[in-house]
Amino acid sequence: RYPADLRNSVTYRDAPWKSEIGRWLSGCDLNVTSVSIIEKIAGRSCKNGCSNQGVCNHELGLCRCFHGFTGDGCSERLQLNCNYQVSKEQPYGRWVVSMCPAHCDTSRSMCFCGEGTKYPNRPLAESCGFKIMPASEPGGLRFVNWTVKDENVFTKNGSEPGWCNVEPGDAYASRAIFKEECDCKYDGLAGRFCEVPVQSVCINQCSGRGICRGGFCQCDSGWYGVDCSVPSVKSSISEWPKWLRPAYLNLLENTMNLNAVVQKKNPLLYIYDLPPDFNSLLLEGRHFRLQCVNRVYDDRNATSWTDQLYGAQIAIYESMLASSHRTLNGDEADYFFVPVLESCLITRAGNAPHLSLKDHHYLRSSLALDFYKKAYEHVMQHYPYWNRSSGKDHIWFFSWDEGACYAPKEIWSSIMLVHWGNTNRKHKNSKTAYWADKWSSISEDRRGNHSCFDPEKDLVLPAWKNPHQFSLEAKLWASRPRDERKTLFYFNGNLGPAYESGRPEDTYSMGIRQKLGAEFGSSPNKEGKLGKQHTDDVIVTPLRSDRYQEEIANSIFCGVVPGDGWSGRMEDSILHGCIPVVIQDGIYLPYENVFEYRSFAVRIQEDEIANLTSILRHINETEVEVKLSNVRKIWPRFLYRDSILLEAERQNNTIRLVEKWAKEFLELQGDDVFATLMQILHYKLHNDPWRRKISSEKNKQYGLPAEC
């Protein structure tokens, strides 16, 4: 019924899947029906009600304590200093991001102007509070003296560069000067002088059932969870989220729990409500508000999307939490998601003394490994589900540069969501040029001897991309027909040490970008030379362009090569209608183990880079048109549309604002990243061989025809 085409793909919902997957989805995923699921609404209490310094997990009866508090009932106060131990030579301790010469908020290790100033709650972050020294020679750079407090920032004299006593109105009217190095790095504040309080970023903005306190959701009574989306028995049924309605209720005798029968479609996801160390505390304690998030809020409290590539980790988490595939009953679940915000951990690593990397020899990869292992230990201690499949039905997201390379050996049986699909068949060791992220030196007794990616069980997801309004309105993925694409091949990015401002390491990009520059460079290198095979219709340049998106849309083929691990070039190509040319041997790209890449992409071996243009010119026009056509069909699957629409709905509900990006996304058609992930998990649920050995699943209702 579903024959494969000449490239051995079967199309399902506009995507060219590998034939066996496309056939199953066409005949089965398309015809899935709802089944009755028992949802467990919990009612366990927590010690002392968490002392109003945390949120009670009513399923486990455990507190999730706010930043700076700990203990069974969140009654113990932590002392999180901003500075390391001081000495005569270092009166503020050795350098750390949180270093503070004024008032330290020891609940979060954050620095503020403090008492005695006009604006005591104004951030005094990083170099703002320290003396800036003049350059030692003409044309040189100024530098920060981290041993000397800058007394000028506390001045009340408007003719000196102050900060803590500067009246915003005076500064805006040029009646007072201020220190340029001072700004609003912390989340929750806007305006040049941090004078406008705005929303901080919380997971799903607390679902409208709590307040966001710097990144941690303080839930309303009767609600809990990282985003306040889980009702307890004390909640109002009329306020339950969409994914729990309509429900038929049954109060269980001699318990504090309530059963609710809900109609749902498989696959079903159970999402662990981990301790806040793995999520909320990492958000609440951010020293730079753009760290690891896909959005912040401006002085209108309107959404401002970021270019933070690691934002996918939060986007997919938020979609799962609000999804109709979510279940609160682990006994009904097909999969278990373990939400560790590792990108927030790594970007914050070393930002404050309590986040010290010293025990890990300053390797962020080693710190992250321990972090995931602690999450595994929590799951093993408090839940019964891991041993059901030895973790094979559990899902972890590793969003950093080299993906799951440093996953602890205890969790390797699970499904790994990554951006870097290195099978290690060719590139066996750590490939990042940044020493703190290298994982090759981590011992086998901690990491094991696994690869970074196993295409039989793992999946590469697209990176987060800012939903640029210009690209959406211009419809760059579809607006350029073949005859208007004048550039044969395009790549714009760092090309290594041969170019001005290039990365100095020869190992950067595994040498691939350097080879591209040497052969086809269209901008002069440090020696003033172009690439050996430079031609007018090939652009390989390190020079940033204000027309980057249009230049991709005007090209037929676009380079997809690594950076420090993965890069976002695949997403750039697809989202602007360009045929991706993948040059990274043994490394899987987004969906490559489920989509038939020959339908829309070209793969070239690393040792064939010198033949790149010859290979591309020999692809016939019919094949080019087929690939371009498929790129135009699959591009929505490289966008986190579901997460973006959730934010659009929140913005409309809270400040009655519907911006152009929201309107554009509401009009988009096609399956996005989250929908694609659910389709893949549905296929795996009925086709992974190990599933047939789980006796508890044999009598389960799936809402599918028998042949599926």
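Easy rule for this one: first residue shown is 1, then count along the chain.
Positions of Cβ are set from backbone N, Cα and C atoms, glycine also.
Over in TrEMBL, the protein carries these features:
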type     : residues    : note
DISULFID : CYS46-CYS56 : disulfide bond
DISULFID : CYS65-CYS74 : disulfide bond
DOMAIN   : 42-75       : domain 'EGF-like'
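The average per-residue pLDDT of the prediction over the domain 'EGF-like' (42-75) is 96, rounded to a whole number. Of all Cβ atoms in the protein chains displayed, 24 besides its own lie within 10 Å of the Cβ of CYS74 (disulfide bond). Sorting each residue of the domain 'EGF-like' (42-75) by its DSSP state yields 6 helix, 10 strand, 18 coil. Neighbour density for CYS56 (disulfide bond): within 10 A of its CB lie 25 other CB atoms from the protein chains shown.
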